[in-house]
């Protein structure tokens, strides 16, 4: 071992100074990752969680919480005297999103590559053969997230791989634990970790968390990690943890006058704002990317809705400075596409911009994010911190900028200051957008919309979804719909016309452009051919209705609404039959889902009950009615069971 390495490990704040000391292979991993010393949350957590104590950790975003629980969990599993029994789970890590669960899993896999016995088993995770048995303790992880694999496939992998640590989202974890093949007795199970606990509850996973806790022994170690402790999280702590030690890691900074103020973000992160009209936001983004020194390798731009992300991902390719690639990530993407896009962004070799919603605002530890831009301020001010925290992680310098429209929105700065999240006007790099810059950007976007009807329609949907999101903003005194400049907003989106919305009633929907939007074609030839055929059919039906009205016929025969009212009873009965068939299909689907959620013993008991009820009903149907009995026996009554009432 080189002398320099020994001296580095003995530095008071280094990893080697921790007591009890970390295993050499763990130190090798930390050194290879460039982590010279533990962060405050890691040091505080190691002192307690490595012992036999539950912990509740509240720490700012980007403070290194992932390693704060992964290292103690792995150490605990490897301290076992004997290898885990087959199909016995020793640890579970719960994450609110697929992306975060996948990231934790990947960090753990890279970590275990430095532990030779565990690294030897990692290739079996992707094979079809059972992993070999071991005579020494190892860590074998399995990732459980919905969308990418089916529950049956996860169970098959579990039976083949026999992992002792599960990492996943609440729904899929609860589903796997409900099977009789997965065992977590008190003799085997060691530790439970709930990461981003506040987010778990915000997303409505309380029922799944209750189910998971019910499957696990009460005698266990539990770690709860969160950026904030709400009342709901406090209730979860009461139910799921036993005499926990609370660890709160704060960041403090000096304000004017030497006043010490707590911060909820790392000191390495600069948080700023710019005041700009909506029409100038995209040009301002371009200037930030172009003028920031050094040039940002990875940037994240947050929008308020999925449709906005989808739209701007289509139109910004010709707007952003040369050399920047665009990747989109939002909740309406298929899980496989989301995972692929996330990997593209993380592994990008050239400057890349991620356009996303709040799906990427929590927990994701994306390396080397230099710039975060909030095109739309979040509807929940708590999310603001988490968005900013994607940059400036683990001591790396980062810049986070939020764009505010002139007027009442500038009050957002004071609101954040009250909530211990001070932001300052952006001074560097300088951003100075002119009206000509805004006109040029909108004209380029509009040219794309005029060339492809798909972009035109997507722009309309994106704008409507943004308006709905703005209306639902929690800070209604600051974000007021009545104060919006709709024409300027439309220019920022590059709209060819305002969509039909109650909020823009009475305004010139054409925006003074006088564009015949009906003539805009689809770039896809097949879609355009279908559109033209439907348009021609609509024109014929319209002409027929007008001709019938002119002749005094009233147009009932061709008007779809009136035709429905005057429909023959036979036709209505046919519709009722179709509806009844659909209801029956839905009932069977619900029943199948209910049976699928049962354990094997529960399904066996349900089958026996169904058979008994069917037999009783069959006998009841074959038995004579009371009237027939009376006629046949002269009114003599019997005590024969006549079945259940339906």
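Every residue number used here counts from 1 along the chain in the order it is shown.
Cβ coordinates are placed from backbone N, Cα and C, and glycine is handled just like the others.
Under the heading motif 'Q motif', Swiss-Prot lists 15-43, citing a curator's inference as support. Residues of the same chain lying 6 or more positions beyond the ends of the motif 'Q motif' (15-43) and with a Cβ under 8 Å from any Cβ of it are 5, 8-9, 50, 57, 59, 63-65, 67-68, 71, 74-75, 78, 110-111, 113-116, 247, 249, 394-395.
Residues annotated as domain 'Helicase ATP-binding' in Swiss-Prot, with sequence analysis given as evidence: 46-247.
For residue 66 (ATP binding site), the number of other Cβ atoms no farther than 10 Å from its own Cβ, over all displayed protein chains, is 21. Annotation source Swiss-Prot lists ATP binding site at 59, 60, 61, 62, 63, 64, 65, 66.
Per Swiss-Prot, the feature domain 'Helicase C-terminal' maps to 284-434.
Annotation source Swiss-Prot lists compositional bias 'Basic and acidic residues' at 539-548 (among others).
Summarising the annotation, Swiss-Prot assigns region 'Disordered' to 539-646.
Sequence annotations record features per position, and here Swiss-Prot assigns compositional bias 'Basic and acidic residues' to 566-581 (among others).
The coiled coil annotation in Swiss-Prot covers 572-623.
Positions annotated as compositional bias 'Basic residues' by Swiss-Prot: 582-591.
Per Swiss-Prot, the feature compositional bias 'Basic and acidic residues' maps to 600-621 (among others).
Swiss-Prot lists 622-631 with the feature compositional bias 'Low complexity'.
According to DSSP, residue 59 (ATP binding site) is assigned to a strand segment. Cβ neighbour count for residue 65 (ATP binding site) (all protein chains, 10 Å cutoff from its Cβ): 27. Taking the Cβ of residue 59 (ATP binding site) as reference, residues of its chain lying under 8 Å away and at least six apart in sequence are, in sequence order, 40, 41, 65, 225, 227, 247, 248, 249.
In the three-state DSSP classification, residue 64 (ATP binding site) falls within coil. Residues of the same chain that lie 6 or more positions beyond the ends of the compositional bias 'Basic residues' (582-591) place no CB under 8 Å from a CB of it. Broken down with DSSP, the motif 'Q motif' (15-43) shows 16 helix, 0 strand, 13 coil.
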